[in-house]
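Feature annotations, reproduced from Swiss-Prot:
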- 125-179: domain 'EamA' (DOMAIN)
- 40-60: transmembrane segment (TRANSMEM)
- 79-99: transmembrane segment (TRANSMEM)
- 110-130: transmembrane segment (TRANSMEM)
- 135-155: transmembrane segment (TRANSMEM)
- 162-182: transmembrane segment (TRANSMEM)
- 218-238: transmembrane segment (TRANSMEM)
- 258-278: transmembrane segment (TRANSMEM)
- 279-299: transmembrane segment (TRANSMEM)
- 301-321: transmembrane segment (TRANSMEM)
Amino acid sequence: MCRCPLEHHEGMMTSAEAVAVAGSAQEHGRPKWPPDKPQVLGQPAPARVVVAALVWLLAGASMSSLNKWIFTVHGFGRPLLLSALHMLAAALACHWGAQRPVPHSIHRRVLLLSLTFGTSMACGNVGLSTVPLDLAQLATTTTPLFTMALSALLLGRRHHPLQFAAMGPLCLGAACSLAGELRAPPAGCGFLLVATCLRGFKSVQQSGALLQEERLDTVTLLYATSLPSFCLLASAALVLEAGTAPPLPPTDSRLWACVLLSCFLSVVYNLASFSLLALTSALTVHVLGNLMVVGNLILSRLLFGSHLSALSYLGITLTLSGMFLYHNCELVASWATRWGLWNRDQPGKGL
C-alpha cells in the first residue's frame, strides 16, 4: 500500500481501526480521532489487504480475458446479457450471506450506486466486445485520475502532493498506449471511456457507503446493488439485443461453461473489490488495478495474438513508473529531502 502519512492520504480509516478507536475513546472518556498510532490498530489489515488484492487482480485479469474469449471465439454478441448474468450470479451468491437489510436512510444512495454499477459494467463489456483486449485494459489506466478528482470534489479528501504527481505518468502512459493502438473503432473507445469514468464514480460511492456512518459489509452491499443492476441490465438486453444479436446456440456446452465461469469470476472479483475498498480506498484500488493491465496485455498476446507498438510499450513503462511513485510517495519524498529537492515543512511545494 501507499507509504504516505495518514494526514496526506485520503483521510480514511479501515473498519478495524474505527472500532478500536471507538473502544479506546470510551475507556478514556473522551474521543480521540485520528489515533496516535494507526499502524498498531491496523495490524490485522495488511494480510487481509494482500489476500484481497491478489484475489482481485487474478479474478479481474481472468474475467477480462475470458469475456473477450466469449465475445471473439464463441461469437457471443450479447454483452448486455452477459452483464445481466453477472449481476444475477452476484445476487444468488450473496442472498444467504447478507447479514442485515439495508437501512432505509441510504436506499437512494444504494439505488444510485446500482445504476452506476450496472451502467459501468454494461459499457465495459460493450466496449470489450468491439475493441482488442489490450486496448480495453490500457484505457482503464486513467481510472485513478477520475477517482482522485471525484474523491476530492465529492468527499473532500486530501491527497499527498506526490500522489497528484503520480497521475502524470499514469495518464501520459495511457495516452501513449492509446495513441499506439488506434486500430480500434471509435464507438468501442467511447464506451470504454464512459465505463472508465463511471468506474471511478462507482468506487467513490462504494467507499462512502462502506466506510462512513452505515459501515455495510461487502456481501450485504453487493447483494443490495446486484438486484437493481440485474433488472436494469436485463431490461436493456431485452430491448437492445433481442432482435439484433445472433441467436444463442443452446447446445454449445463450451460456450455456456465459459459463461458460468465468467459469472463465478465476476462474483469473486466484485467481492474482492468491495473488500479492498473497505480496507483501503477507492484511489488505491484503481492504482493497484493498473497491475491487472500488464497481466491482460500478456494474456492478450498469448490468446489473441495481439502485437503492441513501441509507443504502447513506452506507455506501459510510464504507467508502471506512476504506480511506483503513488505507492512509494513517502520513500520518494525522503530521498528528495536528502538531496534538497523536497521540503517536508511545505508539502504543497513538490519536486
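Placed from the backbone N, Cα and C atoms, the Cβ positions cover glycine too.
Here the listed stretches are 79-99, 110-130, 258-278, and the one with the most C-beta pairs under 8 angstroms to the transmembrane segment (218-238) is 79-99. Segment contact is absent for the transmembrane segment (110-130) and the transmembrane segment (258-278), given fewer than three CB pairs below 8 angstroms at sequence separation of 6 or more.
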